[in-house]
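Contents: one structure, followed by commentary.
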Amino acid sequence: MRRGGWRKRAENDGWETWGGYMAAKVQKLEEQFRSDAAMQKDGTSSTIFSGVAIYVNGYTDPSAEELRKLMMLHGGQYHVYYSRSKTTHIIATNLPNAKIKELKGEKVIRPEWIVESIKAGRLLSYIPYQLYTKQSSVQKGLSFNPICRPEDPLPGPSNIAKQLNNRVNHIVKKIETENEVKVNGMNSWNEEDENNDFSFVDLEQTSPGRKQNGIPHPRGSTAIFNGHTPSSNGALKTQDCLVPMVNSVASRLSPASSQEEDKAEKSSTDFRDCTLQQLQQSTRNTDALRNPHRTNSFSLSPLHSNTKINGAHHSTVQGPSSTKSTSSVSTFSKAAPSVPSKPSDCNFISNFYSHSRLHHISMWKCELTEFVNTLQRQSNGIFPGREKLKKMKTGRSALVVTDTGDMSLLNSPRHQSCIMHVDMDCFFVSVGIRNRPDLKGKPVAVTSNRGTGRAPLRPGANPQLEWQYYQNKILKGKADIPDSSLWENPDSAQADGSDSVLSRAEIASCSYEARQLGIKNGMFFGHAKQLCPNLQAVPYDFHAYKEVARTLYETLASYTHNIEAVSCDEALVDITEILAETKLTPDEFANAVRMEIKDQTKCTASVGIGSNILLARMATRKAKPDGQYHLKPEEVDDFIRGQLVTNLPGVGHSMESKLASLGIKTCGDLQYMTMAKLQKEFGPKTGQMLYRFCRGLDDRPVRTEKERKSVSAEINYGIRFTQPKEAEAFLLSLSEEIQRRLEATGMKGKRLTLKIMVRKPGAPVETAKFGGHGICDNIARTVTLDQATDNAKIIGKAMLNMFHTMKLNISDMRGVGIHVNQLVPTNLNPSTCPSRPSVQSSHFPGGSYSVRDVFQVQKAKKSTEEEHKEVFRAAVDLEISPVSRTCTFLPPFPAHLPTSPDTNKAESSGKWNGLHSPVSVQSRLNLSIEVPSPSQLDQSVLEALLPDLREQVEQVCAVQQAESHGDKKKEPVNGCNTGILPQPVGTVLLQIPEPQESNSDTGINVIALPAFSQVDPEVFAALPAELQRELKAAYDQRQRQDENSTHQQSASASVPKNPLLHLKAAVKEKKRNKKKKTIGSPKRIQSPLKNRLLNSPAKTLPGACGSPQKLIDGFLKHEGPPAEKPLEELSASTSGVPGLSSLQSDPAGCVRPPAPNLAGAVEFNDVKTLLREWITTISDPMEEDILQVVKYCTDLIEEKDLEKLDLVIKYMKRLMQQSVESVWNMAFDFILDNVQVVLQQTYGSTLKVT
């Protein structure tokens, strides 16, 4: 009978389409859920879980049925079957390791999230309720506290100073509660470190004003500091600036000087994420007096005045300061120092970050991400933007009024996923000239230099040499100096003899008119001025940028909260739900959004729409500037082929050059490359990414929350030291900055990294850019602490130790950075731990402890080294019935795990008697306990236990010994243990047969043992004498079984070929043998796959010990194809076989097809043995053998056993790569390509092969 035949006979039931039955079933369940929800709702209903769809995995408290009712009452969805595309949250209290890997990247949440959200009356953040996270088993995520007190210190240098007049005790006591200040934390300013963004606590304004969707509008009054205002106190405290540098370094490491700091840390433990509120009143007053005709609001310090840098004027805020500032602001401005010229100044760090645009960009991204999260937490399900669209779209409402008057979407068609990418056009330029109509239509650039594009040449600087160095490094990929003569004769590298050079100020953004002339973002202003002498320079206006970015996100939030904050000028929005509700087309909705953004911000935005994030971004490229483009699904193939590979995310200069060397320039060229070839060239992850992206495939979801992986702070501008003490003091100051950032995020770090940029030997001492780092070498040192910390003194001490080991020339230092990794939460809340029901046993005295608790305690106490020395482990599995909650002890099986060296812990811990436990057995038992035999218990560990715990374990061992002697005299009935609870009539259950009497003495599963030739003699000799005797007896028994099996096989008729395998015969075998003989190869050995199919004793005897599936497969092969016998005869023939009496036909009249097998091998260990024998004994694989392996892999895909498929593929890859014959690598590529094609067609994805 061919596989799938039983399905084909049922094709005429109305669901001919593949997967149509399940799709219809799921749709019916969803409709049933909606109808039940309409009947269940009463006065206590709400829309807290609107847009949330849960899937319950396993036992939970509340139960799955209770959670279903809660989702009905509160506007959520409950999925009986998990869907990766539809299910938003998975609810579970415990998952096996295989499930954790399978659900990697999904939101696995504890049920307390639902219960506590209902209690709170709003949707809480799921991060504190995650069951597992990517970082570690103890990290639950970031927790932010929106409460702050006036006396708390600042979290970072970009915030306003602790004191207004540089006096410690001068603190404002009364803060008006009409406004709240948005937390403005710190993060690395490095543009490349986007994943290290840090979230900000978003506090709402409570003052009257226009709001959208419950969120205050920023135009009434600005209550959020943008962070560009520098503080009077930087990373160094005021008293540190008044003492000599030597005393400063020593004092900060001494215990006496840290008492006040410890007190301050203790007092601010619960309010780390807060920014200063002392200037709140003054900020509100100055904002109210803003001049509406200017883009900037006011200037708080002389830092915003024009200052000569590199021969050009540098300004942060355009125009003069407001003359109507309050007295408090004026006092603060006078107290603020000027721009520091040395890193030893007190406020150097804070001033650096306040002027760094890259720091502001990363800070705004974190702030906007938290803004979106706050919107989701406080959502009431009402969106003003949608209501406006519904009124515009008259006669095409998506809502259908049912007979009962309820509003529902039952009859609405299911829309395909639709992602919208919104990107502002030339963001910095558009904001800078929105109130300057004279500059519109002209080439404009945002930069710090507003001069002629030239700066005076400083003595010792050699700009031409640096230019040649970087050009050579980028274009040719060489890191060496292009011409050694340039180092010896610096003057020869000068472009000309003039006393001025081109300005090195970078262009942050340029208009499209400037881009048409060859100017690009990131270009030096001097070079851009040469290309376009009429280029107009516009200064930075951080306050205006932030205001427009906030307006952009508020506009999007009026339609939906499913937003991913990409940057201050860029966002991804999932508009699938909006289109379904409003019945608008994607183009109509995009046009409405663009018009509203333009009205609110006076800036234009481009919109791209696609079925996934990749296509939406590509569509935006075509839509720019000031346009929109909808990439329809039917247009994707033609559109994607013509796209350059550089348009794909993740493809930079290096990868572009590597692809060009392969003759690939477009995505169409890339589509001709197989995944195996791409993974070989670029690695498994990058190869798979390129394979999918070039076909327009992208399954990345719109993410609103991201976990923080590191905290860092780097400065590579203005770093010039003359003495070691200055460098040490700066490291301590940067450590204090790291402490503030860690405290602001509520995290501690364990791994510390110090990065130093040192001038390259021979490079000019004076850099081409004033204060820049020039040509440098990067040096890094890393240390891992015993415990995670956020203390500046501990971090600073570690930094100084690593710094001293570098033995650097202090004057050559050009950059310093500190990175903290391996983050853990500062406070672990015990209430967030998964709650589990207590398991107590009435069979033991002092029932407050269970056997599970005993082994969990012992497991926690064992070190890693001891775990590697353990040969056997006790597998304790407790399952509590949610109905009875009773504990029933069963007579245990002899439980010993195999000693195979290639059996890992994950395999061992999930097996029972060396075999996988049937799920049906576990589900019908209230409690099943396995404890090791008395010979396996460590007596020293047993004696260290508490008396009552030790007594419990001893009693269990005594019961085991008594039952093992009793089992020798009494055989189990039909292979089933008498301790199993009775079941209702008609229950289909596969039982594991009791071991034979000859096996009961040894307690070893002989099938699971490795070959005796594979046992390491040294390991065997190190085992206890009793265990050695058991293993020898087990091997003797297996040898006797093999002899008996061989004898019975020779006497019986030949077994017919497996009817499930329809493979080709060997092609031109004689010709290939002849070719081999000319080379002098040995005689061809018959394939082990054929030998295994016909001669394996373990597979031909249906009575052999093994798993139920093995018994079934052996029986089916022994009896012949099931179609040749009537079902009655088949049922009668199985009645005498242990463990097979329950094998019945299904209601459709078909026998269940056998499990996928490779020449009869079903279990993974048997498959591994067969593959190893095949690859190591055959030099040239036959085509039919390769096709047999391909069919086995595709059968695994059909049975949805992808975990075993992954193990088989990886094991074959390791074996075939070790072979010296190149034909094996070709065979593996052929197998993998076929498997990936089937996976792609079945699941829409491929297997990651590392």
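Positions of Cβ are set from backbone N, Cα and C atoms, glycine also.
Residues or ranges marked as Mg(2+) 2 binding site by Swiss-Prot: ASP423. Neighbours of ASP423 (Mg(2+) 2 binding site), defined as other CB atoms within 10 A of its CB across all chains, total 21. A strand conformation is recorded for ASP423 (Mg(2+) 2 binding site) in the three-state DSSP classification.
Around GLU570 (Mg(2+) 1 binding site), the C-beta neighbours below 8 angstroms that are at least 6 residues distant in the chain are HIS421, VAL422, ASP423, MET424. Per Swiss-Prot, the feature Mg(2+) 1 binding site maps to ASP423, ASP569, GLU570; the stated evidence is sequence analysis.
Residues or ranges marked as domain 'BRCT' in Swiss-Prot: 44-131.
The region 'Disordered' annotation in Swiss-Prot covers 204-236 (among others).
According to Swiss-Prot, the region 'Disordered' annotation covers 252-329 (among others).
According to Swiss-Prot, the feature region 'Disordered' maps to 1034-1101 (among others).
What Swiss-Prot records for 1117-1146 (among others) is region 'Disordered'.
The region 'Protein interaction domain' annotation in Swiss-Prot covers 1151-1250.
Model confidence over the motif 'Nuclear localization signal' (1071-1077) stands at 39, taken as the mean pLDDT rounded to a whole number. Residues annotated as motif 'Nuclear localization signal' in Swiss-Prot, with sequence analysis given as evidence: 1071-1077.
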Query = What three-state class does DSSP give ASP569 (Mg(2+) 1 binding site)?
reply = coil
Request  = Note the Cβ centroid of ASP423, ASP569, GLU570, the recorded Mg(2+) 1 site, then list each other residue of that chain whose Cβ lies within 8 Å of it, in sequence.
outcome  = VAL422, MET424, PHE427, VAL566, SER567, CYS568, ALA571, ALA605
Remark   = Residues in the domain 'BRCT' (44-131) per DSSP class, helix first, strand next, coil last, are 28 helix, 12 strand, 48 coil
Query = Tally of helix, strand and coil residues over the region 'Protein interaction domain' (1151-1250) according to DSSP?
reply = 69 helix, 2 strand, 29 coil
Ask   = What number of additional C-beta atoms lies within 10 angstroms of the C-beta atom of ASP569 (Mg(2+) 1 binding site)?
value = 23
